[in-house]
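The structure appears below as structure tokens.
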Ligand code: KG4
Ligand code: ZN
């Protein structure tokens, strides 16, 4: 097979990342500069601050990615970059850098959808993975069930109507006083709690024949529960709250993704996005997958969180189909899959 080397850039939220990926599956470097410590002070990502910080580090991150991969710009076949969805100011930093580089080197530019990137992390982790399969993309900004029909060919089966799963984790964690980002903290605390202690609501839209999600109801129920306890002077068991909240979220994610497999007759589920690191989600999917003969695939945690290697993989599969983006490509904060 012809060897194709992609330099990729990701800056859609609070990670500035650059990677060098060969043939969509082999990562030569994946440099990630995270702004988490800065945004922690504000309890969430501040868009203006994120853009400025991307600008400060992007050149260094790209140079490090080339150096660590032991390649020069001459060895690169194409430049992949996230152009949406995400924070517009943050996206523009990576996109403008990539466009400048593409113009100077006369290499093709390939715009990548961030969600497609998350799904593609699975091609890096699982070298034999080929479509068709179902992907569950769960991150701080997105919750999607996607039927991956072929490389770059997607059908969205379900999505959240309000909060993303990770967003609900972050908001509940904040209410529990656990800090940002809240997902990993709830995951850890929940291990000490009883998942059946409190019956938080689970939104299902089965009667509408959709596999959409809603997490604002469960989030509000947790906040109400905490407020009520505070007003009554009752001390809450935080571990029980965390475990019960997590149980409500994980059970709808799990049920809807297995229903998709049933509907489409598929036997592989590839999880993606920051929440894919959640241990309860992993355990629940693996255990039901074993029962139903459905294979569950996860990327390593470093490929679950925002990173440029996943963008390089997605860009490769577009590149070999002959796709190329124009140098007029603009950032699309609400880009659809
Ligand atoms: O994919 P990601 O790094 O960034 C976005 O594109 O949003 O996802 C970050 C999200 C945050 O909401 C974070 O709280 C959540 O992923 N997260 C987790 C865990 N690790 C990260 N949520 C639950 N359990 C975890 N172990
Ligand atoms: Zn992401």
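Backbone N, Cα and C define each Cβ position, glycine as well.
Residues annotated as domain 'Gcp-like' in TrEMBL: 26-312. Averaged over the domain 'Gcp-like' (26-312), the predicted model reaches a pLDDT of 95.
Counting every protein chain shown, the Cβ of residue 118 (Fe cation binding site) has 31 other Cβ atoms within 10 Å. According to TrEMBL, the feature Fe cation binding site maps to 114, 118, 306.
In three-state terms derived from DSSP, residue 278 (substrate binding site) belongs to neither a helical nor a strand segment and is classed as coil. In sequence order, 138, 183, 187, 246, 250 are the residues near residue 278 (substrate binding site), counting only same-chain partners six or more apart with C-beta under 8 A. Sequence annotations record features per position, and here TrEMBL assigns substrate binding site to 137, 138, 139, 140, 141, 170, 183, 187, 278.
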Pairwise CA distance, residue 137 (substrate binding site) versus residue 114 (Fe cation binding site), rounded so that it is a whole Å: 11
Chain-internal residues near residue 306 (Fe cation binding site), provided their CB is under 8 angstroms and they sit 6+ positions away: 10, 12, 13, 14, 15, 17, 32, 114, 139, 274
All-chain count of other Cβ atoms within 10 Å of residue 183 (substrate binding site): 25
Output field, Fe cation shell: CB within 8 Å of site CB centroid, site 114, 118, 306 dropped: 10, 12, 13, 82, 115, 117, 139, 273, 307, 310, 311
Between residue 118 (Fe cation binding site) and residue 141 (substrate binding site), the C-alpha gap once rounded to whole angstrom: 12
